Ligand SMILES: *Cc1c(COP(=O)(O)O)cnc(C)c1O
């Protein structure tokens, strides 16, 4: 990989300068990239009434949510806490979709009290919801369409053994419960996985939704979920959004004619909106040669970026400090006492202690999955917006680690 291909600048701001100014490790996000991803979805689905519900869990910094709000779109939240963060960012209850999985009913009640629509993901939850609210509160149903989709088994959630949603095979039971409790069903939802490449998969999911939808006369929307794949390295395939948009929109418009009413089409992209906007900058603590491998040990690890270890995610990595150096093979590893290989057998411009390295595609499920494992502090977050790099989350300090510990007199 030549130096010219590596992302030194975001909106004219040098990534290395950001590391020097804000310290390492640091997450950096390009606000323009998020907005342009939203726009590409909007234009791919221009022939339908599209509503984007950004999957908050991918990256939940309030400033990122504010960018989504500013672009005129909504959010999907999977916990009451995410709902509260979204509201803090300025979203009204009506702009939030709540898609819980196996939560306590008290949490559902809290969401309803706030005025947020609930995506029901089990028959028992439907019954409890129906018994409590009858036809006074409209809801959505999460259907499991039994489609094997997504990059690998760990990120596939719509197959027959998945915990998510209500099996399409249980549709008669769903209809029965809706009838018994007179629940007003406003939407049907699917989300089958992540890193879905093929337009065909979205169409297959759509067909399941279209068929089921004929049983629910009061629908306002169909929600196709998220899961669009982005490129992780040059030449890597990504979901062709224009193709998905054209095919799914055409099928959707045809369905609406049959249904007799124009519905909204909802999407819940997480990764697609924020993955490529994000960069994790780390510093090389040590370059360690062993008989077989040269390791670069960095001031980060699976506590900050767990995706490589959790589901073998690939993150491109570059040496920001010595971009023109000779290319050499390295394993980039973290400082956690646990195997935490962030990048295996990669060619990097020659690394020396103190160099800043940058991991790409760090916007989605990076910071939001970070932890304090090994009693390490979480990094700072910086947003580049309108050509300026600004701090959007302070680096944690030692006090944050022990803030909630109750220290006994032992
Ligand atoms: C995680 C999630 C998404 C987003 O998935 P991506 O692969 O990041 O697009 C969308 N909808 C629901 C319900 C989710 O849980």
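The backbone N, Cα and C atoms fix where each Cβ goes, glycine too.
Nobody curates TrEMBL annotations by hand; they come from automatic prediction.
Residues annotated as domain 'Orn/DAP/Arg decarboxylase 2 C-terminal' in TrEMBL: 27-363.
According to TrEMBL, the feature domain 'Orn/DAP/Arg decarboxylase 2 N-terminal' maps to 32-275.
The annotation pyridoxal 5'-phosphate binding site is assigned in TrEMBL to 227, 365. Counting only same-chain residues at least 6 apart in sequence, those with a Cβ under 8 Å from the Cβ of residue 227 (pyridoxal 5'-phosphate binding site) are 149, 150, 191, 192, 193, 194, 195, 196, 269, 271.
Secondary structure at residue 307 (substrate binding site), as computed by DSSP, is helix. The number of other CB atoms found within 10 A of the CB of residue 307 (substrate binding site), across every protein chain shown, is 19. Residues or ranges marked as substrate binding site in TrEMBL: 307, 311, 338, 365.
Residue environment of residue 337 (active site, proton donor) contains 9 other Cβ atoms, counted within 10 Å of its Cβ in all protein chains. Among the features that TrEMBL reports, active site, proton donor is placed at 337.
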C-alpha spacing of residue 307 (substrate binding site) relative to residue 337 (active site, proton donor), in angstrom: 17
Other Cβ atoms within 10 Å is the metric here; tell me which of the binding-site residues 311, 365 scores highest. 365
Including all protein chains displayed, how many Cβ atoms other than that of residue 338 (substrate binding site) lie within 10 Å of its Cβ? 11
Cα of residue 311 (substrate binding site) to Cα of residue 365 (pyridoxal 5'-phosphate binding site): how many Å, rounded? 11
